[in-house]
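Peer 1: Quick one: structure below, then a few questions.
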Amino acid sequence: MNKILDQIRTEHPLVICYTNDVVKNFTANGLLSLGASPTMSEAPQEAEDFYPVAGSVLINIGTLTKHHEHAMLENAKIANETETPLVFDPVAVGASKYRKDFCKYFLKKIKPTVIKGNASEILALIDDTATMKGTDSADNLDVVDIAEKAYKEYQTAIILTGETDVIVQDNKVVKLSNGSHFLAKITGAGCLLGAVVGAFLFRNTHPSIETLIEAVSVYNIAAERAEQLSDSKGPGTFLTQFIDALYRIDSDAVAENCNLEEVK
């Protein structure tokens, strides 16, 4: 492990979050607990001031509207122009033609550093016939194949989330198997992960696969610890313990507990 978590705790990188209305509070609190500095900025008018000093930018389309379309594209354009790392989260992209059309257009105009989504979302980016319900992952999909095809099409790092997470970068593929079933029972779990990934980028527009492994593992191992601390009482208790676990987790715990399989 690169121990970038230690760097986050000492440098408190600024993560610009243009995220959806449902998860803003949860995302900000999660980043603060981790040690990062969130700013929930959406105005392109201030992007030229914020982005050059930011560690990364997250764009999450969860509550996409016509108003957000323009602002997201403008902000993403400025991120590319200022060489600020960009995490793109195409939430529920397969749920409607509107979302899919926007994401396809966005990815033609913009170069993300990382695309993060579940299997159904990543599949929808590479298969025009794919559909989905809400933000839930589809079952019985070849997640490694989907992630590799998305990587080849968009030439950017792919983080495909699910019961087993798949990361593709620099033609390397790994599977990660940490996490908690409670993550599927709280809203915004995947959305916060996108922001956490951003916290690990530190203005690196081509992060190593090791960096991405650490980011996802910190998140998932914190979730495992939260489940243990909450004594499986339920999602509400887990949610509180998860924020605490992000605050408490350290690099040694991540290195010791990371459940990783190198696919290629």
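Glycine is treated like the rest: Cβ placed from N, Cα and C.
Dumping what Swiss-Prot says about this protein:
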BINDING   M40, G188  substrate binding site
BINDING   K116, T161  ATP binding site
Peer 1: Near K116 (ATP binding site), how many other Cβ atoms are within 10 Å of its Cβ?
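Peer 2: That number is 32.
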Peer 1: If you draw a 10 Å sphere around the Cβ of G188 (substrate binding site), how many other Cβ atoms fall inside it, taking every protein chain shown into account?
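Peer 2: Here the count is 23.
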Peer 1: Would you count the other CB atoms within 10 A of the CB of M40 (substrate binding site), including those on all shown protein chains?
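Peer 2: Around M40 (substrate binding site), other Cβ atoms within 10 Å: 15.
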Peer 1: Rounded to a whole angstrom, what is the C-alpha distance between T161 (ATP binding site) and M40 (substrate binding site)?
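Peer 2: Computed Cα spacing between T161 (ATP binding site) and M40 (substrate binding site) is 24 Å.
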